[in-house]
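Peer 1: Below you will find the structure I want to go over with you.
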Amino acid sequence: MSLVWTLIATFLYAEIGVVMLLVLPLFSPYKWNRFFKSKFLSMLAQQAHLYFFLIMGVLVLFLLEAIREMRKYSNHENSGEVHLNVEMQHSMRLFRAQRNFYISGFAIFLVLVIRRLVTLISAQANLLAQSEASMKQAQSATAAARSLINEKTDKAKEATEDTTLNELNKLRERVQELTADLNREKKDKEAVKSQAESLNREYDRLTEEYSKLQKQITIGAVGGASNKDD
C-alpha cells in the first residue's frame with residue numbers, strides 16, 4: 001500500500017473511531033455541544049465548510065482514480081499459461097484498485113455521516129438548552145407568582161389585622177367612655193345621696209327645734225294661766 005492510500009486508510013480508521021464515539025452513549029449531547037463550541041473547534045468551524053469540501057474533493061479524486069484502475073484491470077483478457085505472472089500482477093493490481101475503491105468510498109460515506117451526526121447532536125443540545133431555559137423561565141414565573149400571591153396574602157392579613165385593631169381601639173374607647181359616664185353617674189348619685197342625707201339631718205334638726213318651741217310655748221301658756229288664777 002502506497003503512502004497516500006495508507007494515509008487515506010488511517011483517515012478511514014479515525015472516522016470509524018469518531019463515529020463510534022458519537023454513536024455510543026458515552027457523553028451527553030450537552031457535553032458534546034460544549035466540546036463543539038470550544039475555542040479550538042470554534043476557530044476551525046469558521047473554515048469548516050472549506051475543509052469539508054477540500055476533504056471531499058480529495059477523496060472523490062481518489063475514488064475516481066480507484067474506479068479508473070478497476071475498469072482498467074477488469075477489462076484485461078487472459079492470454080494463456082505463458083502470461084501467468086502477468087495475470088497474477090493484473091489480479092493483484094485489480095485487488096488493490098478494488099481495495100482503494102472501498103477505502104475511499106467508505107471514507108466519503110463516513111465524512112457525510114460524521115457531519116450529519118454533529119449537526120443532529122448540536123440540534124439536540126440546542127433543544128435541550130432551550131427546554132432548560134424554558135423550564136427556568138417557568139420556574140422563575142412560578143416563583144414570582146407565588147411571591148406575589150404571598151405578598152397579597154400578607155397585605156390582606158395586615159389589612160385585616162389593622163381593621164381589627166381599629167375596631168378594638170374603637171371598642172376600647174367606647175368602653176372607656178361608658179366607664180367614665182358610669183363613674184360620673186355614680187358620683188352624681190353619691191352627691192344626691194349626700195344631699196338627701198344632709199336634708200334629712202336638717203329636717204330632723206328643724207323638727208327637734210320645732211318640738212322644743214312647741215314645748216316652750218305650751219309651758220309658757222300653762223304658766224300664764226296659772227298666774228291669772230292666782
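Using the three backbone atoms N, Cα and C, a Cβ is placed for every residue, glycine included.
These came from TrEMBL, pasted as-is:
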- 1-133: domain 'BAP29/BAP31 transmembrane' (DOMAIN)
- 7-28: transmembrane segment (TRANSMEM)
- 48-67: transmembrane segment (TRANSMEM)
- 101-118: transmembrane segment (TRANSMEM)
- 161-216: coiled coil (COILED)
- 174-229: domain 'Bap31/Bap29 cytoplasmic coiled-coil' (DOMAIN)
Peer 1: For the coiled coil (161-216), what's the mean pLDDT in this predicted model?
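Peer 2: On average, pLDDT over the coiled coil (161-216) sits at 78.
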Peer 1: Based on DSSP, tally up the residues of the domain 'BAP29/BAP31 transmembrane' (1-133) by helix, strand and coil.
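Peer 2: Summed over the domain 'BAP29/BAP31 transmembrane' (1-133), the classes give 116 helix, 0 strand, 17 coil.
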